[in-house]
Amino acid sequence: MNPILINRLQRKLGYTFQQYELLLQALTHRSASSKHNERLEFLGDSILSFVIANALYHRFPKVDEGDMSRMRATLVRGNTLAEIAREFELGECLRLGPGELKSGGFRRESILADTVEALIGGIFLDSDIQTIERLILNWYQTRLDEISPGDKQKDPKTRLQEFLQGRHLPLPTYLVVQVRGEAHDQEFTIHCQVSGFSESVIGTGSSRRKAEQAAAEQALKKLELE
């Protein structure tokens, strides 16, 4: 690994690993090595969910469980994590196999998002829960300050459906047009057709559901509702 890139990443994270092998594992996709980051990702996913849930619970003492769940989903969803990964310039540090490198895996939202979760798991194992909680809250500070309860926290498919139903328009249709990759690491491409659009909008994701949500989000942006 390029030490300049690794040092830059650790500065952006606000954390220097004591166990360098944990950092390397967190950055390693399963296409590159059998010692990959999926177990760290599993751990990091749970830690992130806890930290964000705890922050929302204390920030919004009068908000009900439904709104808090929707806010948490917005903050921990794949495209939010991919945005954070790009802020860290994480793509340049990924360890990918030849196939993933050739297909542009360092830009794929699902890989970027999974790696952020793996880094969270790695930092926790390298330090303690207080340290990773402090870091996550720092990474999310602006997003936590800007988020608020309400309809905007409903998932994109629900919001698009409610918008169209409110105007007595047909519901959108979602069509899988491509599935790339092996069974354990697929990328779905969905075309979403919305009444009034001359062309379908496109969404991609690591599952059909995530790709449909991404397509719905693009439709909302086209309708200037996002």
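Quick reminder: no glycine exception, Cβ is built from N, Cα and C everywhere.
Copied over from Swiss-Prot:
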- 6-128: domain 'RNase III' (DOMAIN)
- E41, D114, E117: Mg(2+) binding site (BINDING)
- D45: active site (ACT_SITE)
- E117: active site (ACT_SITE)
- 155-225: domain 'DRBM' (DOMAIN)
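Helix, strand and coil residue tallies for the domain 'DRBM' (155-225), in that order: 26 helix, 20 strand, 25 coil [DSSP]. Taking the mean position of the Cβ atoms of E41, D114, E117 as the Mg(2+) site, the remaining residues of that chain whose Cβ falls within 8 Å of it are N37, E38, L40, F42, G44, D45, A113, T115, V116, A118, G121. Long-range Cβ neighbours of D114 (Mg(2+) binding site) (same chain, at least 6 residues apart, Cβ-Cβ under 8 Å): N37, E38, E41.
Under the DSSP three-state reduction, E117 (Mg(2+) binding site) is assigned to helix. By neighbour count, meaning other C-beta atoms within 10 Å, the densest spot among the binding-site residues E41, E117 is E117. Across all of the domain 'RNase III' (6-128), the predicted model scores a mean pLDDT of 94.
Less than 8 angstroms from the CB of D45 (active site) sit V76, E117, I120, G121, each of them six or more residues away in the same chain. Each residue of the domain 'RNase III' (6-128) gets a DSSP state, and the totals for helix, strand and coil are 89 helix, 2 strand, 32 coil.
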